[in-house]
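According to TrEMBL, the feature domain 'Ribose-phosphate pyrophosphokinase N-terminal' maps to 1-111. The ATP binding site annotation in TrEMBL covers Asp33, Gly34, Glu35, Arg92, Gln93. Here TrEMBL flags His125 as Mg(2+) 1 binding site. For 144-257, the entry in TrEMBL reads domain 'Phosphoribosyltransferase'. Annotation comment: TrEMBL describes Asp163 as Mg(2+) 2 binding site. According to TrEMBL, the active site annotation covers Lys189. As annotated by TrEMBL, D-ribose 5-phosphate binding site applies to Arg191, Asp215.
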Amino acid sequence: MIVSGSASQALAAALADELEVPLAEVAYDRFPDGELLAAAPGVAEANPDRAVVVGSTVSSDAHLELLQLQDAVREAGTDEVVTVLPYMGYARQDEAFEPGHPVSARAVARAVSSGTDRVLTVNPHEEAVCEFFEPTATAVDAAGRLAEPLPADLTDPVFLSPDAGAVDLAETVRDAYGEGEGEVDYFEKTRHSGTDVEITPSDVDVAGRDVVVTDDIIATGSTMSEAVGVLGERDVGRVFVTCVHPLLARDAYAKLSRAGVEAIYGTDTIERGSSAVSVAPVLADRL
Ligand code: R5P
């Protein structure tokens, strides 16, 4: 039985379809003092052997809601609790960046671990974050899904990442798109602050060619818009932007549109207008 967090309802439904198991009735409420109450009456009624709680932790409330749903299904007597974190919030805070800072990814992983037998997550920024869970979480790679919404007629395509860390994702998208057809390259990125990013381009020739830029996440859109801006100065063809996690915070969508992107394609790990493809089939394979 699939149990959905409020931020992951479309993905949870797709997963239930894919696995041909029921989607539990859930209720999301809030007390007058602001405290949350997420409940799973459908699990108490059906009493399944296994419950799969699906919740992207896109906010502090979503974190708390996930812990409540895990506890609710355990309280209902479910033998096995599996937690799917399609998008793991705080995953990028994976070390103490200054003295006195927390390792926030570890703190949330410990909390999530306490309510589950197993954790699956999708393309965390660094796979090492899985080791913060007890037992170690499994990371699923959904980047190949990003090739699906791309047009079939890309002109002499270049598959690019905005920094060296995401070049594997660009390669995965290239392989899924055209079985090794298409050049893969990457730019270099220097981050000066949360929103100030400097991109140093490679010398890849993009004139008249379509470019697909892939990253694990678009948060403020600073990284992608800088990369797209550089391409625009080079007589590029069409530019498509793809990412696993379309967080698209603040004015990210407008920023990318102004930079001249043709389309933004993400998955449903975070449910947005740009969630063009589902990670459900990839997750279902591991469930
Ligand atoms: C960091 O290296 C990540 O891969 C992304 O490039 C980054 O988190 C994107 O953030 P933003 O959209 O705020 O530039």
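Glycine residues also receive a Cβ, built from the backbone N, Cα and C atoms like all the rest.
Because the structure is a prediction, the values reported are computed rather than measured.
Across the domain 'Ribose-phosphate pyrophosphokinase N-terminal' (1-111), DSSP classifies residues as 44 helix, 23 strand, 44 coil. Candidate binding-site residues: Asp33, Glu35, Asp163, Asp215. Fewest other C-beta atoms within 10 angstroms, Asp33. Across the residues the record lists as binding ATP (Asp33, Gly34, Glu35, Arg92, Gln93), the two Cα atoms farthest apart are 31 Å from each other. DSSP assigns Asp215 (D-ribose 5-phosphate binding site) to a strand segment in the three-state reduction. Only Asp215, in sequence order, out of the recorded positions Gln93, Lys189, Asp215 have a CB under 6 Å from ligand 1. Taking all protein chains in view, 7 other C-beta atoms sit within 10 angstroms of the C-beta of Gly34 (ATP binding site). Asp33 (ATP binding site) and the residue listed as 'Mg(2+) 2 binding site' are 44 Å apart (CA-CA, integer value).
If you take the Cα of Gln93 (ATP binding site) and the Cα of His125 (Mg(2+) 1 binding site), they are about 10 angstrom apart, rounded to a whole number.
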